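Q: As listed in TrEMBL for this protein:
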- 18-463: domain 'Aldehyde dehydrogenase' (DOMAIN)
- G228, S229, Y230, A231, T232, G233: NAD(+) binding site (BINDING)
- E251: active site (ACT_SITE)
- C285: active site (ACT_SITE)
Amino acid sequence: MTKSSIMHGKGQYINGLWIQGDGTILESINPSYGTLLWQGTIATEQEVTAACDAARQALLSWSSLDFEQRAHYTQNFAQQIDKNRDYLAHLIALETGKPLWEAHTEVSAVIGKINLSIQAYHERTWTKITKTTEANACLRFKPQGVVVVLGAFNFPAHLSNGHIVPALLAGNTILYKPSEQAPAVAEFIMQCWHESKIPPGVINCLQGDASCGRALLSQDIQGVFFTGSYATGLRIHQQFSDKPEVILALEMGGNNPLVIDEISDLNAAVYHTLLSSLLTAGQRCTCARRVIIPDSHQGDDFMNHFIKTCSSIKIGPFDQKPEPFMGPVISHEQAIKHLHSQKKLIESGGSHLLSMALLAENTGLLSPGIIDMTHFENPPDEEIFAPLVQIYRYNHFDEAINLANQTRYGLVAGLLSNNEQHYHQFYQQVRAGLINWNKPTTGAASSLPFGGVGLSGNHRPSAYFAADYCAYPVASMEQPLLTMPEQTLPGIGSLGTP
Ligand code: NAD
Ligand code: SIN
């Protein structure tokens with residue numbers, strides 16, 4: 001696999017087999033060079049139905065296995081990934097453009113997810129049997145059934161895996177539709193599941209775009225575990241408005257604030273802001289989109305240092321030497337859209353501190369942009385999934401908190417400050433699912449829940465809490481022998497044997 005070789009898709013993974021169908025062509029383009037990386041097909045309606053039948057057929061035997069047996073398959077999968085660590089990191093870098101150092105961290109997260117999910121399963125979906133004089137009061141959990149997993153492009157291996165592994169452990173069977181912008185990574189992940197010897201039908205993979213996603217959602221399914229944009233999450237929510245019985249876990253975007261307050265180490269503040277706003281070329285749901293800075297000399301020093309650092313970071317293809325800090329955005333088309341969003345912000349009252357620019361024709365390589373939005377009236381509350389930072393200046397800390405809360409999203413909020421009182425106030429008053437202090441907004445911990453409030457999620461956080469939406473609790477009152485109670489209720493009369 002090199003940057004110039006073209007990979008040919010194996011087809012759809014259905015019931016333990018790769019099926020080469022006659023769907024329309026799906027292509028994946030290397031965003032660093034604009035070259036064709038992978039060519040395959042979009043799943044047909046018949047393939048979608050066949051996959052759904054296979055998942056339904058496999059459900060009873062898979063969910064009836066002991067937990068340890070299911071866990072064993074996920075551990076086999078982790079071994080396959082570990083064995084192919086370098087290959088997978090290279091493929092992620094080729095397909096998404098992220099630097100190799102970062103692609104390696106994604107592979108490690110995929111492997112780390114297995115043991116964490118096993119731990120989370122036991123901690124969050126436990127069995128409890130309480131003996132009472134009348135019966136045993138039992139709490140156990142059951143899988144939802146056949147569930148659809150829809151993946152986003154920015155972590156094509158890790159984020160879908162964050163739904164898939166807990167869902168399998170809980171006993172669900174899966175219909176997986178990866179992002180149409182990263183089919184090659186998904187195909188390799190499926191090959192690793194295949195090598196894990198997981199039984200046929202337990203996990204099926206259908207390649208395709210939104211229309212394939214919609215076709216999957218119209219099948220007889222019990223859950224949808226989605227990572228992607230708010231716009232898509234909303235559409236899915238609407239599609240299920242008359243099906244409250246289907247559980248939706250919607251992990252969506254953010255318009256995340258990072259507040260700079262009292263700092264003594266300017267370098268640390270700039271470094272943490274850089275990691276917050278520009279990691280993965282700004283294509284993390286956790287990226288700080290709005291940096292809120294004091295309107296003071298110290299704020300000016302921070303601003304100047306931040307602009308200088310952003311102008312000098314290395315941006316380029318993952319195989320560039322020395323390694324870049326960031327690569328391209330996912331496609332040339334997205335890069336053009338992001339430049340258009342920047343233009344709109346400037347035309348409506350923002351002022352350029354650093355202009356985001358396309359670095360090479362026909363690629364997704366963008367340099368970072370910084371826009372001062374302080375005097376912008378009614379700024380749009382939108383997630384721009386790009387290396388574009390919006391700056392707001394403030395005079396009082398209360399005002400900073402107000403600005404931080406000027407969003408309907410609520411994924412992450414960060415504070416850089418040596419003032420502990422201010423952190424307590426920030427924590428108390430800011431509405432978000434993740435609130436960080438003197439740490440970047442990016443780089444979520446898999447050992448914690450991950451999900452937002454407002455437009456960022458539907459109160460079903462993923463990561464460590466994914467176990468919660470993968471299973472439902474069942475309450476049972478049980479006693480092995482049917483007997484008459486010592487006392488019967490009034491008004492029943494005689495129950496003596498006839
Ligand atoms: P997207 O919403 O465009 O697509 C996500 C997935 O949904 C893709 O597989 C896509 O094909 C599918 N899809 C699109 N329309 C559909 C429909 N109508 N029915 C069924 N499926 C449909 O998202 P993206 O561009 O791939 O990813 C970027 C977005 O994801 C950003 O908004 C980012 O913030 C968000 N994200 C959120 C998290 C989180 O955990 N909260 C993590 C990463 C990314
Ligand atoms: C993401 O899921 O987009 C980001 C998670 C992280 O920053 O670790």
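From the backbone N, Cα and C atoms, a Cβ is placed for every residue, glycine too.
Let's see these features in context: how buried, what's close, how far.
A: Within 10 Å of the C-beta of G233 (NAD(+) binding site) there are 24 other C-beta atoms, taking all protein chains into account.
The Cβ of E251 (active site) has 28 neighbouring Cβ atoms from other residues within 10 Å, across all protein chains displayed.
Reduced to three states, the DSSP call for C285 (active site) is coil. Counting every protein chain shown, the number of other Cβ atoms lying within 10 Å of the Cβ of C285 (active site) is 29.
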Q: Just to be sure I understand the contacts, which recorded positions have a Cβ under 6 angstroms from any atom of ligand 2? Candidates are G228, S229, A231, E251, C285.
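A: Checking each Cβ against ligand 2, the ones under 6 Å are C285.
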Q: Averaging the per-residue pLDDT over the domain 'Aldehyde dehydrogenase' (18-463), what integer do you get?
A: 97
Q: Can you give me the Cα-Cα distance between C285 (active site) and T232 (NAD(+) binding site) in Å, rounded to a whole number?
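A: With the alpha carbons as reference points, the distance is 14 Å.
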Q: Using the Cβ centroid of G228, S229, Y230, A231, T232, G233 as the reference point for the NAD(+) site, which residues of the same chain not in that list have Cβ within 8 Å?
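A: So the additional residues around the site are L234, R235, I236, L250, M252, G253.
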Q: For Y230 (NAD(+) binding site), what is the tally of other C-beta atoms lying within 10 angstroms of its C-beta?
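A: Taking all protein chains shown, Y230 (NAD(+) binding site) has 20 Cβ neighbours within 10 Å.
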